[in-house]
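J.: One structure coming up, written as structure tokens, with questions to follow.
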């Protein structure tokens, strides 16, 4: 079986330390509101839920996202490159610091351009990491293959070593050094892939499991095959970049680019449980929660789905869990019920 990475089932996560970093970025796409995603998750009870799992949680607040005037590129239809570059550099620094401090990093988006910084920062702390990208979209367009110019569809292209001959120079991106080989990426959940992206995936041999493969093989086999491909020895740190639009729109309506036919919450939670069980999940991105889209009920559904995904990355299990060192309470004389009078 493809089971080397599943041999150690971690039953307790109470000795794990988590660092939360808000990444309130929205310039990677055209719909305002993703900058409010981190606060929506916090207000939904994120920190309390993580602490309820017995985790040591520290919220580092939000990274700085300074604004820039005259933010365009004259030769390319790339939108807001300076905004994205500055935010990415700040995200990278914070993610690096959290991981080097011994905490698992939880990066709250924000649009998926956040992953430029989070993956790069992770690579500075742990150069041998692998990336599991759970998303309806491949997000590996280059500036020249993109039809929209939206940078939330490009993050991986700036990071993959084999793509660098095809990457245009953009203002502010000088700090980014390609840190991923194509063999260190696995996609799960794809169902809306641009022609240039499909060509890149096949040309570079990137491991890709679309919803067709999920339907055909089931989520268990998909996760096992992905992890066996990425890390057959079961030793490498794992970066999970989870776009909430990987889930079916019925489960995450408040997101900017929903695509029908997505993962169920059961499948999403299964992915997270299995990666968490390795004990090597070092950084988690949650991207594209946009509370400005949809009504109050849509927002509630989306936030609750995101919180479910997050908690299952950090020790939440559907069969139940309990904090480390939990003990069954023993009655004392103060809580004994007095016998009825005779």
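Cβ from N, Cα, C; glycine included.
Not my notes, these are from TrEMBL:
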| type | residues | note |
| --- | --- | --- |
| BINDING | 112, 135, 137, 139, 243, 245 | Mn(2+) binding site |
J.: Taking each of the binding-site residues 112, 137 in turn and counting other Cβ atoms within 10 Å of its Cβ, which one has the fewest?
T.: 137
J.: Quick one: which residues besides 112, 135, 137, 139, 243, 245 have a Cβ within 8 Å of the Mn(2+) site's Cβ centroid, in sequence order?
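T.: Everything else in range on the chain: 133, 136, 138, 152, 153, 246, 257, 287, 288.
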J.: Would you mind checking how many other C-beta atoms are within 10 angstroms of the C-beta on residue 245 (Mn(2+) binding site)?
T.: 29
